[in-house]
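Taken from Swiss-Prot, the feature active site, proton donor/acceptor applies to Glu56. According to Swiss-Prot, the feature Zn(2+) binding site maps to His75, His102, His107. What Swiss-Prot records for 330-351, 445-464 is compositional bias 'Low complexity'. Annotation source Swiss-Prot lists disulfide bond at Cys194-Cys200, citing similarity to another entry. Per Swiss-Prot, region 'Has carbonic anhydrase (CA) activity' is recorded for 1-209. Sequence annotations record features per position, and here Swiss-Prot assigns region 'RbcS-like repeat 1, SSUL1' to 223-315. Swiss-Prot lists 323-351, 441-464 with the feature region 'Disordered'. As annotated by Swiss-Prot, region 'RbcS-like repeat 2, SSUL2' applies to 347-440, with the evidence given as a curator's inference. What Swiss-Prot lists as region 'RbcS-like repeat 3, SSUL3' is 460-555, and the listing cites a curator's inference.
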Amino acid sequence: MAVRSTAAPPTPWSRSLAEAQIHESAFVHPFSNIIGDVHIGANVIIAPGTSIRADEGTPFHIGENTNIQDGVVIHGLEQGRVVGDDNKEYSVWVGSSASLTHMALIHGPAYVGDNSFIGFRSTVFNAKVGAGCIVMMHALIKDVEVPPGKYVPSGAIITNQKQADRLPDVQPQDRDFAHHVIGINQALRAGYLCAADSKCIAPLRNDQVKSYTSTTVIGLERSSEVASNSLGAETIEQVRYLLEQGYKIGSEHVDQRRFRTGSWTSCQPIEARSVGDALAALEACLADHSGEYVRLFGIDPKGKRRVLETIIQRPDGVVAGSTSFKAPASNTNGNGSYHSNGNGNGYSNGATSGKVSAETVDQIRQLLAGGYKIGTEHVDERRFRTGSWNSCKPIEATSAGEVVAALEECIDSHQGEYIRLIGIDPKAKRRVLESIIQRPNGQVAPSSSPRTVVSASSASSGTATATATRLSTEVVDQVRQILGGGYKLSIEHVDQRRFRTGSWSSTGAISATSEREAIAVIEASLSEFAGEYVRLIGIDPKAKRRVLETIIQRP
């Protein structure tokens, strides 16, 4: 049943407009607008509030059994055409049995294949969506060809072909949802046709039919799927958790050369109020800095500190997400628990979690980011004096969470012994870090509280110094190892404001040749830069690269 709308308003193209060709079995609602050379196939439903204007770009084709829902806009540019399934050129081609849902925008040149589903408020512009694709809500598809049978999640922004090629395949539950929506609109079409037929509508009006409301909840979308094409599901879960906890979100980028020195540069500030806005801002940062490292961080605006740092893109591509991140059930508190994630990063508030300190987790993260291998060794008190260490089970893990689990297993197996963490350069086949993480009297205290006075001449240490030091025994061990390995030491500092941008300032290399002199210089730096972040740097003078970065003082 074809219904003609009111006359089109005058435009520069009005004089040469062709008449729309509408199949007699199609239903076009009186409150819709169809202008120009539009071919509408059999059993099509055009709902109220739609605007199909083939005046500037022309012609349009809408295949049989397609339903176009309320508020859909189909328009085309004067230039640009797509090739339809009949090998003719069209400004817009919509195939058979397709579904364009509420408020969708199809702007030509555009192609939507057979049995495709375009979700609410999604936009297709200068693009081709293959047959059998499902596009969920609020998505943008522009300047790409989406292969057939692909799933575009809600909020996705697909603007380059690499993104389109990486899209996941449609799953059965996605088809079920699309068929559910299409079924409702086919029922509407039958209802509209019945309403126009007095013989059909009269008996229904005379019947007293009790209405009911279904309590069944339809699964609208795959909750575990990627809700953004460029970002993993795990990153999205982290963003959602941070926003729910009232934290701010930021992002930083750095090229491969500066990554070694930790010279991160902030991306554009993210003022997002919703997950969708935050994801869009992150994707913009990824697009602007492809081929670089990009990391996401969360900020506690009250404590003015970071609660999360995780790398979401590496130069060889986006970090593959996993489902290992689990948002805590309650707000983060003072215990500063560490949460591992599939990107090989974690976040901590400076205390301990389980059997591994937050400082050890930071060291693990730095070693993995530098491409180093990680190992562990243990020794009892008697053999500690002779340095007869034994290796624990080899660690083949590539993420911080897996390494932490392996460390905890080693700690459980060798309670009452010394255990140390080893960083190994697989290319040079040498050690870049040796750090004791457990002593017979318990776990090594983290160095996140630089004000604590710790004696370096502890009975459990194999080497004694003449004076007490503000540094923790772990930092003293690191200084000893760096000097013993022939490396240089340096100090960097930064205030709280510049810490967010990673703008560290160096005090220059420490020229000390003995452990005592180096500790004295480090303590002088801590006093000079009280109230700032201070980190210790180990430098390989031959390879001219850093072998250690560890924060030894916080504000």
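Numbers here mean position along the shown chain, with the first residue as 1.
For all residues, glycine too, the Cβ spot is worked out from N, Cα and C.
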According to DSSP, how is the region 'RbcS-like repeat 3, SSUL3' (460-555) divided among helix, strand and coil residues? 30 helix, 31 strand, 35 coil
CB neighbours of the residue listed as 'active site, proton donor/acceptor' within 10 A? 17
DSSP-wise, what's the residue breakdown of the region 'RbcS-like repeat 2, SSUL2' (347-440) into helix, strand and coil? 30 helix, 32 strand, 32 coil
Per DSSP, how many helix, strand and coil residues does the region 'RbcS-like repeat 1, SSUL1' (223-315) have? 30 helix, 27 strand, 36 coil
Quick one: mean pLDDT on the region 'RbcS-like repeat 1, SSUL1' (223-315)? 79
Cβ atoms other than its own within 10 Å of the Cβ of His107 (Zn(2+) binding site), all chains, total 19
